[in-house]
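Feature list (source: TrEMBL):
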| type | residues | note |
| --- | --- | --- |
| DOMAIN | 154-403 | domain 'Sulfotransferase' |
| ACT_SITE | 161 | active site, for sulfotransferase activity |
| BINDING | 161, 162, 163, 164, 165, 244, 252, 364, 379, 380, 381, 382, 383 | 3'-phosphoadenylyl sulfate binding site |
| DISULFID | 365-374 | disulfide bond |
């Protein structure tokens, strides 16, 4: 560091510590070589003159600084222009929805192209936000959000009370599987679907490249508008449909509904009202007074699988749907999981060492490097005793429905006919 005290002739020079005098980068000029700044030669406060002894090093340093500034401003400018143009595109599509005018649908799974630049979709949580468009009118039922980069690669679409939770937990044993926590209900509930893509993306777990994210919501299977909404997200998605023998599934459904109703009863209402449908036996609800099967009873309606799977196969090709035998998953989980691993295109990693039979619960529990795990107490409830005559009548009723289901999926599951 150097300074010159103008009123005197002293030139003060502080050398850099531990450096020889000839290694200085900056030097002072003698005071005699300086000119006064003002008209009065005697008036001069302090003059600092710096000379550069290493011009190449200084030029390199200055060049690096200029390049860094240029790149920083270029990135900021590019991001600002992209954000403005993207916002404009979204606004135009929203206006099109309100005016019931649908522009040509964008080509998804392709880069977003703006003048003089190409922006590839971000892969954070595998789901960037894009513009929205509708197919006919802007109603809840036909509002679809096309996803250029899907949030999930596989969906467990149902069926309720067939082991969807157990299946998801078993698949999660595989290192290449990630699962969403809980049932998201994005595609079947309008209030969730209208929250948009960003809301759904935040419900998905982070995953590494090569991992498969799976979500399960059993009500997807029976909700009419869900197949089209799912296709708008990912037309090549893999679908898992787990089913059980229809009468067994219906009894399990009845058991859960009755259990939930009893849990939700207010303290002053310790018992279910005698007029409540859930206070009645399964036989009374499944069989009408005239002795015919109550086809409108919801647990029986859901068990008519062909009615619902038909809608899915109208939207997705058969090879994208795998039917999982829920009864076999209980007795021999490894064989069913091996089929699923092959269907998803992942190496077989789940084996018999990942399971142990729990004598108390009566079904298999999970085991991995960190410990053992069983499904919570509400899973595997004990079913009420049902009159064998009613069970036989219901199985005969389902023979025709089961046959239609076998024909649609191209597989005979061998369910009993009486």
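Note: Cβ is positioned from N, Cα and C throughout, glycine not excepted.
The structure, with features from TrEMBL marked on it.
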residue	record	CB count, 10 Å
161	active site, for sulfotransferase activity	23
163	3'-phosphoadenylyl sulfate binding site	29
165	3'-phosphoadenylyl sulfate binding site	17
252	3'-phosphoadenylyl sulfate binding site	19
365	disulfide bond	17
374	disulfide bond	18
381	3'-phosphoadenylyl sulfate binding site	13
383	3'-phosphoadenylyl sulfate binding site	12
Mean predicted confidence [pLDDT] for the domain 'Sulfotransferase' (154-403): 90
Candidate recorded positions 161, 365, 374, pick with smallest Cα gap to residue 383 (3'-phosphoadenylyl sulfate binding site): 161
C-alpha spacing of residue 381 (3'-phosphoadenylyl sulfate binding site) relative to residue 365 (disulfide bond), in angstrom: 15
Pairwise Cα distance for residue 381 (3'-phosphoadenylyl sulfate binding site)/residue 161 (active site, for sulfotransferase activity) [Å, integer]: 11
Spatial separation of residue 163 (3'-phosphoadenylyl sulfate binding site) from residue 374 (disulfide bond) - C-alpha basis, Å: 13
Alpha-carbon distance [residue 161 (active site, for sulfotransferase activity); residue 252 (3'-phosphoadenylyl sulfate binding site)] in Å: 6
